[in-house]
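Feature annotations, courtesy of TrEMBL:
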ACT_SITE  CYS83  active site, nucleophile
ACT_SITE  HIS177  active site, charge relay system
ACT_SITE  GLU179  active site, charge relay system
BINDING   GLY51, GLU52, SER53, ARG112, ILE141, ARG142  L-glutamine binding site
Amino acid sequence: MVQSPKTIGVLALQGGVREHVNMLAALGREARLVRDPADLAAVDGCIIPGGESSVMDKLCRMFELQQPLRDRIQSGMPVFGTCAGLIMLADRIVDGMAGQETLGGLDVTVRRNAFGSQVDSFEADLDVPELGPEPSHAVFIRAPIIESVGPKARTLADVNGRTVAAMQGNLLGISFHPEVTSDTRWHELFCRIVDGITP
Ligand SMILES: NC(=O)CC[C@H](N)C(=O)O
């Protein structure tokens, strides 16, 4: 019997949803948009896109997705957070908006908009051993940094000594946007995690 492919969702409340859907399509994976608890129940893994984390947090609560997402994360669902999505995954946030909450799961502390207004968007080539020898061209858009990585998580990449990618079990959080480049390797890595093909 051929096993049916795992379903990957993209949290579609706010932010850069389409780019992730297109990236998954380029890898032959049809994404399911996640807008309510029934959508979430139908997916095996989920991407949380970039956008504005404080708004995404509010919408998660409004659409009754915060607790279901927390529960799924705690029970091991693979999640890939990019930029605002990384902030949503972080256990700790040092300069959130008043009352801003995260979903948590990834043992890191993040700082929002950490690269400052002058260079709030820039690009850099990152050395990421997990992706192979070719550098990963990273696009940072009002990006957070990972200020500290706790003992349960590990650093995957940094730029000028500042951590911008971390992983913990099935959780992957990066502060930049591979979905706006032609580099599919981050999404391939996430698909392997969802499919249970660990390196
Ligand atoms: N490109 C992005 O996702 C920016 C993140 C945004 N600055 C936030 O705090 O959520």
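Backbone N, Cα and C define each Cβ position, glycine as well.
Caution: TrEMBL annotation is automatic and unverified by curators.
Taking Cα separation as the measure, ARG142 (L-glutamine binding site) is nearest to CYS83 of the active-site residues CYS83, HIS177, GLU179. Restricting the active-site residues CYS83, HIS177, GLU179 to those with a CA within 10 Å of the CA of GLU52 (L-glutamine binding site) leaves CYS83, listed by sequence position. On a Cα basis, the residue listed as 'active site, nucleophile' lies 11 Å away from GLU179 (active site, charge relay system). Its own atom aside, the Cβ of ARG112 (L-glutamine binding site) has 22 Cβ atoms within 10 angstroms in the protein chains shown. Taken residue by residue with DSSP, ARG142 (L-glutamine binding site) is part of neither helix nor strand, so it is coil.
Distance between Cα atoms for SER53 (L-glutamine binding site) and the residue listed as 'active site, nucleophile': 9 Å, as a whole number. In sequence order, GLN14, GLY15, GLY16, CYS83, ALA84, GLY85 are the residues of the chain that are 6 or more apart from GLY51 (L-glutamine binding site) and have a CB within less than 8 Å of its CB. Looking only at other Cβ atoms within 10 Å, the busiest spot among the recorded positions CYS83, ILE141 turns out to be CYS83.
Across the recorded positions listed here (ARG142, HIS177), the residue whose Cβ sits among the most other Cβ atoms within 10 Å is HIS177. Cβ contacts within 10 Å of SER53 (L-glutamine binding site), excluding its own Cβ and spanning all protein chains shown: 28. Fewest Cβ neighbours within 10 Å among the recorded positions GLU52, GLU179: that distinction goes to GLU52.
DSSP gives GLU179 (active site, charge relay system) a helix state.
Using the Cβ center of GLY51, GLU52, SER53, ARG112, ILE141, ARG142 for L-glutamine, the list of other same-chain residues with Cβ within 8 Å runs, in sequence order, GLY15, GLY50, CYS83, ALA84, ILE87, ASN113, ALA143, PRO144.
Under the DSSP three-state reduction, SER53 (L-glutamine binding site) is assigned to helix.
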